[in-house]
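Engineer: Per TrEMBL, compositional bias 'Polar residues' is recorded for 1-11. Among the features that TrEMBL reports, region 'Disordered' is placed at 1-60, 97-162. What TrEMBL lists as compositional bias 'Acidic residues' is 13-43. Per TrEMBL, the feature compositional bias 'Basic and acidic residues' maps to 114-124, 145-156. Annotation source TrEMBL lists compositional bias 'Low complexity' at 131-142. Taken from TrEMBL, the feature transmembrane segment applies to 183-204, 210-234, 254-277, 326-347, 359-376, 397-418, 478-502, 508-530, 537-555. Residues annotated as domain 'Amino acid transporter transmembrane' in TrEMBL: 189-558.
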């Protein structure tokens, strides 16, 4: 009996051992298949990353990071250059932007969106984007994926917290950027589209006449279309995320460098405009302000330009501009408030509203072309907005809403300002407002305060690009960064004092730089990248837009420079 029981136990144990061996063999086979799949996916990913990384190894590597900072609201962490305790974002000024010479640009995961996404819009990582690359953390999890399944993909270069739904992006377009979600977790689109350009739209109406307002509408339509062309360029190859990336694919490394320089010069010129803006408005509030030092006297314009420069200089030294990003998020709200004050003064306080204006001013129309063109200079950040959206198919609606709202605001301010002040309209309508009214004081002081939060955010991309050029043996020296940023700020003061003509400088920027960034280059890049896939309509439209951009640029630049030289000679 005992022998039979032991034999029975032996048979059972043997059967269990056999089953375990079979399971182990099956597991080993599956593991071999999974390892093979993982190796294949890793090899494919490495090939894709090597291709994608080539877009980020050329100067400027800091573009994506700096423009995202310009248009986003990172978590607050206020430190100065040289402070030892640094967050990853704050170290980007002197460490990340300089030492990560051969790594893709990335944003820190501490960046949080302004609004949390609804529960139904929180998609799992593998459904975020079909255009992005698989990060290493997910590669380790891909061992359980069979060959007949596609590996999950997530949005490249952006952490999960930077993803924004179409609703957020739409809000970004309406409230922010000032975004410059350029700079404020509000869309960089509106950061630029609803910036200081709105102050000069009545002056543009005076320079071009009422018919000239049609140019504003035409530029809005053309700029919207070229924004869509940038989207097509981004979709043409995986790994593209910025305007310089598009330029590199279209025209090689030279195209990347040239486009980057144009974009940086445009940002630098905006900082010059901020100095002129502050000088004009503060001197109108305090016309008798002056200072005498050792026989050297400064009038109100020069004095306030100098004071503004000294005030913004410490903000440029900040390594982390999170606090300024939060404040500048209200830039579009400030623009709306200024326009509302203009309407209040005209309709409620009954100031002006007596000028019929001129139908068409052919002699000064080119200046109006540059001013209207400047109003739509947001293309530098459109690729960043598109690649950060969880639902990229909503990008056209977001872009259309941004352009629609901005165009209505521009046209409304132009109409009200020109009818109120007529041929006496100044380059900034705040200079025409009577100082004894409460609405006027609100408008002027809002205009004065706003640039103080934007200056450092606008100058930082330029500074970071120059810091990349610091030799590797000196890149950890904080003094080099401080010297570069100080020199940039002081140079904007010298330029602003040399050509203190707000409207004409803005017209020059709009004619020379904005026409390139907004009209000419998107079409040229599109034709170069997608020349074999573009339809006849697209090719014809691009040729027409390039022709319009070139004519407007040449005509407007010549007229603006002639007026500037004429005023300087006086």
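Every residue gets a Cβ built from N, Cα and C, even glycine.
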Engineer: Of the stretches 210-234, 254-277, 359-376, 397-418, 508-530, which racks up the most C-beta pairs under 8 Å with the transmembrane segment (537-555)?
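Structural biologist: It is 508-530, which has the most Cβ pairs under 8 Å.
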Engineer: Pairs 6 or more apart in sequence, C-beta under 8 angstroms, 3 or more of them: is that satisfied by the transmembrane segment (210-234) and the transmembrane segment (478-502)?
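Structural biologist: The transmembrane segment (478-502) and the transmembrane segment (210-234): touching, no.
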Engineer: At a threshold of under 8 Å on Cβ distances, which of 254-277, 359-376, 397-418, 478-502 pairs most often with the transmembrane segment (508-530)?
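Structural biologist: Comparing 254-277, 359-376, 397-418, 478-502: 359-376 has the most Cβ pairs near the transmembrane segment (508-530).
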Engineer: Quick check: do the transmembrane segment (254-277) and the transmembrane segment (397-418) share at least 3 Cβ pairs under 8 Å, counting only pairs 6+ apart in sequence?
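Structural biologist: Counting Cβ pairs under 8 Å, fewer than 3, so no.
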